[in-house]
Amino acid sequence: YEHAVILPDPTEEPVSPNNALALMNKNMDVLERAIKEAAQKGARIIVTPEDGIYGWRFTRESIYPYLEDIPDPVVDWIPCTDPSRFGPAPVQERLSCMARNNSIYVAANIGDKKPCNSSDPKCPSDGRYQYNTDVVFDPQGKLVARYHKYNLFAERQFNYPKEPEVVTFETPFGKFGIFTCFDILFYEPAVILVSKMQVDTVLFPTAWMNVLPFLTAVEFHSAWAMGMRVNVLAANTQNTSMEMTGSGIYAPAGARTYSYNMKTEDGHLLIAELDAHPRLSPASPPAVSWNSYALSVERFSQNDHEFTGIIFEDPFTFTELTKPGGNLTVCQKELCCHLSYKMAEKRDDEVYVLGAFDDLHVVEGQYYLQICTLLKCPSTNLSTCGQPVEIAQTKFEMFSLSGTFGTSYVFPEVLYSGVQLAPGEFEVLSDGRLRSRAPTSKPVLSVTLFGRWYEKD
């Protein structure tokens, strides 16, 4: 469920616990209606967004009235029937009752508080840890999972956990894992959860601010599901002023359903059926050797001039697609990107480039990327290439993109005009080629292989 969160008034001073609970109940009223509707339509599990119960306008002090003490799930606790066992827990009680009353698993994001003292050298001066926390309640209302977000995104109200947590739980319909928002860009816990813990499905509460051309919620979360060969249930907050939207139910073969809405401020329930064990499914795509094709071919022709363009402050090496079709290569450091393509029509008013980036990304966190991308420039002025663009006119008869990746973690993205996904219209071959299955049904914004070189971080 994508939720347009009712936000508190911005204040540096803490509100009373009653006022905090009143605001959270307003949001939980909305979530409860969505949970009820999902259950009535046969859903077995529902994910709600990060910050979905109280928003994000907080200091460390002002968020305190919204926090509860969330115990380790080993305590075998149903807050709906035993609400005061661990002190006041009205939010956990209500979430537990939503799950119990509707016989559905409910995943939600709330805040945890844990007291500490001077015997702990890392204990904050106010004597408590505060964590951005996901909880999951089973259809009896029992707390079955608690996850403390490890990769914070400028969240001064919360502490980092001392160690990354790998949280899983079993259901009659597969093994689930959970992490939050910014976590998806890092090795811990996201990759460990999938590759070592072998979960079938990832629950992903998020408050994702869209960044074209590669980090729009629907394209990246869908690509991550494909690259990791796992189901992802991504629930985003909805706030157009902060570019937040984009939720979806993603399978290894592509999106089953998704929503991207920058026009109105309202919630949206998404329901789809997934294979409980996607790796065992006949529809599961093959394991991919991401560089085998690109390493096996000679470099394609290069244009006379390459130039540098900036995407999200990263300097890409670009070359222009000057002809209506052909083969191109562009390289940066160890990465060479090969493209074969044919446009349905070469337009004079639209410019496309092939780009490569192989380096350390240093904005909002530091991590190594290897990226091959075919993308539309906002104008015919080449200096604009790499800047966000949402509308295109050019369709492609075919495209095939590959790269000499040094990492085995590569996420395939295809984004159409109007920020639309293209499920079923492209495929990834076992030799690492991302290619169209047929002429594109809509004009193309970008075709990208987004590589994360975790080993170099």
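A Cβ is built for glycine as well, from the same backbone N, Cα and C atoms used for every other residue.
For E50, the entry in TrEMBL reads active site, proton acceptor. Sequence annotations record features per position, and here TrEMBL assigns active site, proton donor to K149. Taken from TrEMBL, the feature active site, nucleophile applies to C181. Annotation source TrEMBL lists domain 'CN hydrolase' at 1-276.
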*asked:* Return the residues near K149 (active site, proton donor) by Cβ distance under 8 Å, restricted to its own chain and a separation of at least 6 in sequence.
replied: Y131, N132, T133, D134, E155, F158, P161, F179, T180, C181, F182, D183
*Do any residues at least six apart in sequence from the residue listed as 'active site, proton acceptor', in the same chain, have a Cβ closer than 8 Å to its Cβ, and if so which, in order?*
N109, N132, T180, C181, P205, T206, A207, T237
*Note down the number of other Cβ atoms within 10 Å of the Cβ of C181 (active site, nucleophile), including every protein chain shown.*
26
